[in-house]
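I have placed the structure first, in the form of structure tokens, so that the comments after it can refer back to it.
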Amino acid sequence: MRRVGAVLASLAVLGGCAASPAVPSATPTGTGPAAVSGEITVFAAASLKGAFSDISAEFVKKHPEAKVTFSFDGSNSLVDQLDGGARADVLATADQPNMDRAVAAELVGPPQPFATNVLTVVTPPDNPGRITGFDASLDGKRLVICAPAVPCGNATAKLAQASGLTLKPVSEESKVTDVLGKVTSGEADAGLVYTTDAAGAGAKVKAFPIANADVARNDYPIAVVTGAGNAAGGEAFSAYVRSADGRAVLATYGFGEP
């Protein structure tokens, strides 16, 4: 009986060992950063069209599941659109005052500076008005500038005051690209645009740098829109614009460091 009991006890021990569950293999408990995907809607100042288009192309190469769509317009108009209920993920303006307005209305989160820009005088390549620069040669000519409400117009007013000039434009445009368009089409003898717009126009215009342009330098900020439909994508795009790669693209268009 003792022998039988010992055998049964041994079997019980072996059975208990067989019933013990196998130790599970280790599995990662953390997760990496979420992939950037989906549509990212960017409201950007008209003067950023060329640079942001190139930046977007590079950004999408790094994030192939993302798609960036743009609305380029005057900065004040973009803020008005957001205030009126338009949907976007990112706002980039051509000046600080319009971004401040968006912040005050709680339309965006904390903005970050990413570039600077200054004005220059441009004429058609053959310079029919015989313009010599930002001086009295503009008097009596078909001069086109930006409207005071938009950043380039505000900068124009500051620059004229600092230079002791009274400008008498034949038209005031809501976008700097419209000023450039009137010069390249021959509708104007001269216009005041950003140096980046003049550089982008190439041989279509003749540019006259302004010695004291820095007195009306515009700072460009970028921010993620409050309640953005793709906040993660907006944050990623904003970060890329401010990265070394983004700033390198901006520099090729003539933008200065913030």
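Using the three backbone atoms N, Cα and C, a Cβ is placed for every residue, glycine included.
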Which single residue out of S71, S75, S77 does TrEMBL record at the molybdate site shared with S47, V176, Y194?
S75
Which residues, in sequence order, are found in the same chain with Cβ within 8 Å of the centroid defined by the Cβ atoms of S47, S75, V176, Y194 at the molybdate site, excluding those residues themselves?
A45, A46, L48, G74, A94, N117, C146, V150, P151, C152, K175, T177, V193, T196, D197, N218
What's the longest C-alpha separation between any two of S47, S75, V176, Y194, the listed molybdate-binding residues, in angstrom?
14
Using DSSP and three states only, what is Y194 (molybdate binding site)?
strand
